[in-house]
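What follows is a set of notes on a single structure, which appears directly below.
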Amino acid sequence: MDRRFVGLGLLVILVVLLDRWTKWLVETNMAYGASIPIWPGVLYITSHRNAGAAFGILQNQRVFFLVLTVIVLIFLLWYWPRALATSALLGTSIAFIIGGALGNAWDRLMSGAVVDMIDVRIIHYPIFNVADSAIFIGVVLWIITSFFAPPRHGALAHLDQKDVWRTDDEDEIKAAGEGAGGSQDERR
């Protein structure tokens with residue numbers, strides 16, 4: 001097994017454990033709705049439960065979210081080795097997303113609601129948790145990989161960059177020029 005894959009598996013476990021630990025701390029040490037200022041006016045730890053998705057949408061749709069999570073996890077687990085063969089950063093992004101999805105799925109399965117605690121008040125933003133942060137980091141890394149990182153392997157990896165943009169017309173023109181008296185280099 002690829003050592004990178006094992007390392008990313010450990011990243012998934014780390015995300016899940018950190019998520020579970022922070023949620024456990026909030027559940028066992030804070031009353032629902034209680035808030036502790038970390039940076040007054042900016043950042044608080046606030047005990048909150050969310051039975052929906054981001055921004056509180058689709059409240060009380062536990063089965064829907066669990067089924068959706070299973071479908072997404074099946075796809076990501078299928079795609080993960082292929083992504084890792086393409087880009088280590090893409091493999092890392094998927095590890096973050098899997099870890100975050102598992103963390104939130106555990107909450108939905110066990111209690112029907114996700115424990116949230118990171119409360120950024122400098123902007124009006126929903127309270128979130130470590131799993132949400134991991135999913136966000138994973139998606140951002142995936143976007144960066146998709147737009148900015150060239151593929152290391154794949155169907156087009158063997159092509160020279162100039163060949164990628166060559167058209168059939170250019171090949172025909174070149175062949176016609178060579179057939180009518182040789183190449184341009186030979187005619188000089």
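Note that the numbers count up from 1, one per residue, in the order the chain is shown.
In case you wondered, yes, glycine gets a Cβ from its N, Cα and C as well.
TrEMBL does not curate its annotations; it predicts them automatically.
The transmembrane segment annotation in TrEMBL covers 30-51, 63-81, 87-106, 127-149. Positions annotated as active site by TrEMBL: ASP116, ASP132.
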Cβ contacts under 8 Å made by the transmembrane segment (87-106) with residues that lie 6+ beyond its boundaries: 4-5, 8-9, 11-16, 19-20, 23, 65-66, 69-70, 72-73, 76-77, 79-80, 114, 129-142, 144-146, 149, 151-152
Tertiary contacts of the transmembrane segment (63-81) (same chain, 6+ residues out, Cβ under 8 Å): 2, 5, 8, 53, 91, 94-95, 97-98, 101-102, 104-105, 108-109
For ASP116 (active site), the three-state class that DSSP assigns: strand
Which same-chain residues, if any, lie at least 6 apart from ASP116 (active site) yet have Cβ under 8 Å of it: THR46, HIS48, ARG49, ASN50, PRO126, ILE127, PHE128, ASN129, ASP132
DSSP-derived structure type at ASP132 (active site), helix or strand or else coil: helix
